[in-house]
Amino acid sequence: MADIPENAPQHCPGTGSTEAGKSSACQGCPNQSICASAATSAPDPAIEEIKEKMSLVKHKILVLSGKGGVGKSTFSAHLAHGLAQDEGKEVALLDVDICGPSIPRMMGLEGEQVHQSGSGWSPVYVEDNLAVMSVGFLLSSPDDAVIWRGPKKNGMIKQFLRDVDWGEVDYLIVDTPPGTSDEHLSVVQYLSAAGIDGAVIVTTPQEVSLQDVRKEINFCRKVKLPIIGVVENMSGFICPKCENESQIFPPTTGGAEKMCTDLNVSLLGKVPLDPNIGKSCDTGKSFFTEIPDSPATLSYRIIIQRIQDYCEKKK
Amino acid sequence: MEQTQDGGNLSGVHHIILVLSGKGGVGKSTISTEIALALRHAGKKVGILDVDLCGPSIPRMLNAQSKDVHQCDSGWVPVYVDQEKSISLMSIGFLLEKPDDAVVWRGPKKNALIKQFVSDVAWGDLDFLIIDTPPGTSDEHISTVDALRPFNPMGALLVTTPQAVSVGDVRRELTFCKKTGLRVIGIVENMSGYVCPHCTECTNIFSKGGGEELARLSGVPFLGCVPLDPLLSQSLEQGKDLMQEFPNSAAYPAISSITRQILDMASPQS
């Protein structure tokens, strides 16, 4: 159902369907014989190749959210920084947000390019044990827009998973765009044989955001992706002058806490709004080193510990 | 798709505005909703088409999430928010059985629905049709711009927040507009500055001035800054009209000024 080519005739049943090559819409389609031979319904050979590649990766974590701008990339970047503080661990961060890659800037890697080597694309290293890959490294100018439809984005994601030379890695963190569409289906599909430890879902406290996040949780259940837990970001703001707390994005329906009880998923923690977080993301620095004592940093540490515990227990 | 060359269901629509942003969560739906409400205050008839298929927010923001879409001879009847039928809405949110159902669709299916949304909704006579989009520069955007090209849209309103991370994505969206030949009406900077309710100290949580700077560098009009305002989020959460419920909100003057500029730009055209 999901694999109708761009240039397919109307009512194309999809190349993977049992009707492929046989339905009335297939009459006259130049690819009819390929579809009818069932070659297209076999699983993509890349899935096996990716499994091979991923056998060197111990833990794979997806960062998801139905809603945009809730802090997926901020969270992914700092999950990577936090895990990489243990020098014995190798961490990789993959940005599959093809149309809006934010990871290069947040990691202070704007303008970096990817190099080709015999064993594939070499990722860009922030530290000795922290490797990053993003479509942002493949663009020639910061104004370049990637105006691609689904199939091209999927091809890129496949290449990222199959052709990047990560080496031996303890944690692979995958940052995704908002929604429940091509990018998400592709990552889950391509990693299906290799196995994903689970997904971390990021939300903000308002209902407008939670309603999209509930959809994302349903998506995870549909594709049988385990959920590590939910992070509530931007929850409360402490005024730097008077130190009183106020709710910029009020949790009118009980916030993430109530949603987690209702849907039976665990709440990993709440992160308050801190203007310094935005600033350190803009300048590409880790706020673990910039603002080590901020309440936001402390709650990040607890969340990262919980994720680590979850992954260790799974092994 | 081209069965009716004379405009079909969009023939009674005067101005089409797309609300775009490369970045998610910057307030596209918020700005769409508030501008629609402000245009209504100016006595205009407004339609909102929500093409964010994976995360439709508009129904909730206008307190219409429980309504249904009906069929008529000329297509789908949009949902009316009020008795006077001054704001009409169409969103995938109205077509889902359960509000939490996930729409797990790849591009081609999304494109087919967008084409239907553009051609099959019986809007009737509208002064403005506002099109709210998901973040990015992909299937939904290409399809919407393609489908609307025959109707000569007035242009695109780009929404950003002040941080560099967000402005970077909006720069890409500007390139998208250039490549697809879509006029840019202007840039709106949302969430710029937050006034603490306890001590009235203004903090720039997501920094400041990024949108204005971008507008200057790229030579497109800058329409204004909308401050972070808990009253604004509250009114949207409950589906209320900001202008009626909270007339002294800090966001109110910003939104009415943006709306006035849009009206000014629209008047010489018609």
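First residue shown is number 1, and so on along the chain.
Every residue, even glycine, has its Cβ placed from backbone N, Cα and C.
Owing to the predicted nature of the structure, the values given are computational and were not obtained by experimental measurement.
Around B:Gly25 (ATP binding site), the same-chain residues at least 6 positions away in sequence with a Cβ under 8 Å from its Cβ are B:Pro135. Per Swiss-Prot, ATP binding site is recorded for B:Gly22, B:Lys23, B:Gly24, B:Gly25, B:Val26, B:Gly27, B:Lys28, B:Ser29.
Under the three-state DSSP scheme, B:Cys196 ([4Fe-4S] cluster binding site) falls in the coil class. Just so you know, the Cβ of B:Cys196 ([4Fe-4S] cluster binding site) picks up 20 other Cβ atoms within 10 Å once every protein chain is counted. For B:Cys196, B:Cys199, the entry in Swiss-Prot reads [4Fe-4S] cluster binding site.
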Using Cα coordinates, what distance in whole Å links B:Gly24 (ATP binding site) and B:Cys196 ([4Fe-4S] cluster binding site)? 25
Neighbouring C-beta atoms (10 Å sphere around the C-beta of B:Lys28 (ATP binding site)): 30
In whole Å, how far does the CA atom of B:Cys199 ([4Fe-4S] cluster binding site) lie from that of B:Gly27 (ATP binding site)? 26
When you tally the Cβ atoms that lie within 10 Å of each candidate's Cβ, which of the binding-site residues (B:Gly22, B:Gly24, B:Gly27) has the highest tally? B:Gly22
Sequence gap of 6 or more, C-beta under 8 Å: which same-chain residues meet both conditions with respect to B:Ser29 (ATP binding site)? B:Asp50, B:Asp52, B:Ser57, B:Ile58, B:Met61, B:Asp132
If you measure B:Gly22 (ATP binding site) to B:Cys196 ([4Fe-4S] cluster binding site) at Cα, how many Å is it? 29
